[in-house]
Amino acid sequence: KERNTPHTFLTRVQSNVFHHTELYGEERLIVRRGQPFNIILHLKPGSGEFKPEAAGFTFTVETGPLPRKGSDTKVSFGLHESTVDTEWSASATHDPSGNTLSVSISSSPNAPIGRYSLTLDQEGQTTSLGEFILLFNAWCPSDAVYMKSNTKKQEYVLAQHGQVYRGTHKRIKGLCWNFGQFDPSILDICLTILDANPKFAADADKDCSARRNPIYVTRVISAMINSNDDRGVLVGNWGEVTDGVHPGRWMGSGDILRQWAESGPVRYGQCWVFAAVACTVSRALGIPCRVVTNFGSAHDTDANLIIENVYNVDGEKISRDSVWNFHVWVDSWMTRPDLGSEFDGWQTSDPTPQERSDGVFCCGPAPLKAIREGELTKKYDTPFIFAEVNADVVDLVQRSSGETVKFAGSTTSVGRSISTKAVGSDERWDITHQYKYPEGSKEERKVFEKAQHNNKLQQQGEEPSLRLKIKLADNMIVGKDFEVSAVLTNNCTVAKTCTLMFMARAVGYNATRGQGIEFVTDIVEVAPGEGYRVSLGIDYKHYGPVITSDRLIQLSAVATDKQTRDYFKAEKTIVLDEPEIEIELVGELKVKRSVTAQLTLLNTLPERLRDCSFTIEGVGLTDGKPITENIGTVEAKQEAKASISFIPTSVGSSKLLVNFDSDKLKNIRSFINVVKHIYE
């Protein structure tokens, strides 16, 4: 029988280290499939010489509420001379001096992941040996998620921090995120998410059996991170937040997952939050995963692979297709036996609820190879993701008569600077080449034409007679006034009389149009070869009350040739710079010894900030939970200051994440790298 002795405990610790699961803790056995683990059986006194092959031992492992042998959720196996790496098996070594039996158990590399029970039957007498958790195994060559590179496994399975990129393709900013997949209770919550899946309620054994397949599990994660069809983790909100946590305030996944486990769907998330939480769940379950940002991300509502921007004569958009400033999803690493080995590797999935797939708000996994090559028949949801990174854009104007006329277009504005964190560093890695051929190349155009199934986009004709260009100011910091301009250039040999409009409005990162900020219109005459400049003052008193926490302002210039009625448009989205948080640690960073973070931020706004607070969080630093210090009001052009103490709980490298929030200056983020030492 099994006894709770130091020998049993040490075996569990050694197995966890061998299986790269020691960061989950030492309290229980957590192992990866396709790899042996050890247990110690203590024999009854006076058992005499023990021969394993003659003992009549039968081990049984079970997972799920209704385990069945036919679905491999229940497997029985005996003792053999050695274990095998293709199926559940066991071997044993007898130590007569200690009257113990060391049993090595190897799981199948194709076994369903999840919570398991282990029992021993000896000649009809059944003994429960305990429970363990089985995960996917990126270290096992026979596992579908096997990844050869050790540095990549460290990054995509074991790393607890990452960078999530936001902004625009010209102003990319990294946001440090605490994935925290090894925090206490997080693995159990991730397994509970699988059990909360509606497919589990419909047929628990079928669902548990399907958890052998990372394709299936990834698709379930994509559906369960949003709550549109079920009691999933996050509720999306792209508008004003009045009753929950603004998406920009989250610093890590742990707080979100714990709130979900306690009280159901968490308010609120946007794309980077959905993706980061999906990455945490994937890594916790053993699936290599990375967070990816696509700048200039198309949302093709009618599945024709073309973004049709239709405007009225005043420059207002009246169509549903859109191009988001950025969109964030995840890539997961696995084989695709359902499609063929050429589609193995990174697979894109997107937990942000945008469109239904098989009746459910989920997306993917779709192979990057299929996206790059335009193989849109390869599942799952490849056409939608292909359009996100490679759709063509057509701009049309609807005249007062109802006639719709094409006036511009682009084959290069969608899918720019596709970014993820580099392996082993905090640098940004541009992975656009993994999703698409270089823009404008013969290969890229050929792929697009194949993807359209010969529904080719009509190409732009002659060089336009008039050109519009928007020019920006330097140092566009939130709280400051600045000036931008639009320049209309006449490339014709005759003068042109035009109606010129130049406007600024608040906008969300997902292209949601907010309130107007400034507007100017004029009738101008431009001589041949000359240009006309119109300026627009962007004052804080006008943009401050209407911009979102994304701090984005969209500039649009529209010109109409009064003779030909031709229509011209230029558009730019600017990201306002934010003040920086200064972080200084006071005291030595040692485990179980208090250290203080001194935090400072300059209020760049010309008005008082209310409800100001600093929040810190870090793996092994703040005991898995954020710590907030409320500091009240901060006057215009004054510094916000706070001192927050915390006690590190584990040794090693980590990141201290800091967030500043107030009524008018929201979600300012920073971080520092730290190394925790043993307290002596």
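Including glycine, each Cβ sits where the backbone N, Cα and C put it.
According to TrEMBL, the protein carries these features:
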type	residues	note
ACT_SITE	CYS271	active site
ACT_SITE	HIS327	active site
ACT_SITE	ASP350	active site
BINDING	ASN390, ASP392, GLU439, GLU444	Ca(2+) binding site
DOMAIN	263-353	domain 'Transglutaminase-like'
Separation of alpha carbons, HIS327 (active site) and ASN390 (Ca(2+) binding site) (Å)
14
Given the recorded Ca(2+) site (ASN390, ASP392, GLU439, GLU444), which additional residues of the same chain have their Cβ within 8 Å of the Cβ centre, ordered by sequence?
ALA391, THR411, THR412, VAL414, GLY415, LYS436, TYR437, GLY440, ARG445, VAL447, PHE448
Given the recorded positions CYS271, ASP392, GLU439, find the one whose Cα is closest in space to the Cα of ASP350 (active site).
CYS271
Which chain-mates of GLU439 (Ca(2+) binding site) that are at least 6 residues away have a CB under 8 A from its CB, listed by sequence?
THR411, THR412
Largest tally of Cβ atoms lying within 10 Å of a Cβ, found at which of the recorded positions ASP350, ASP392, GLU444
ASP350
Within the chain of CYS271 (active site), which residues six or more apart in sequence place their C-beta under 8 angstroms from its C-beta?
PHE326, HIS327, VAL328, TRP329, THR352, TYR509, ASN510
By the count of other Cβ atoms within 10 Å, pick out the sparsest of the recorded positions HIS327, ASN390.
ASN390
Per DSSP, what is the residue tally for the domain 'Transglutaminase-like' (263-353) in helix, strand and coil?
19 helix, 41 strand, 31 coil
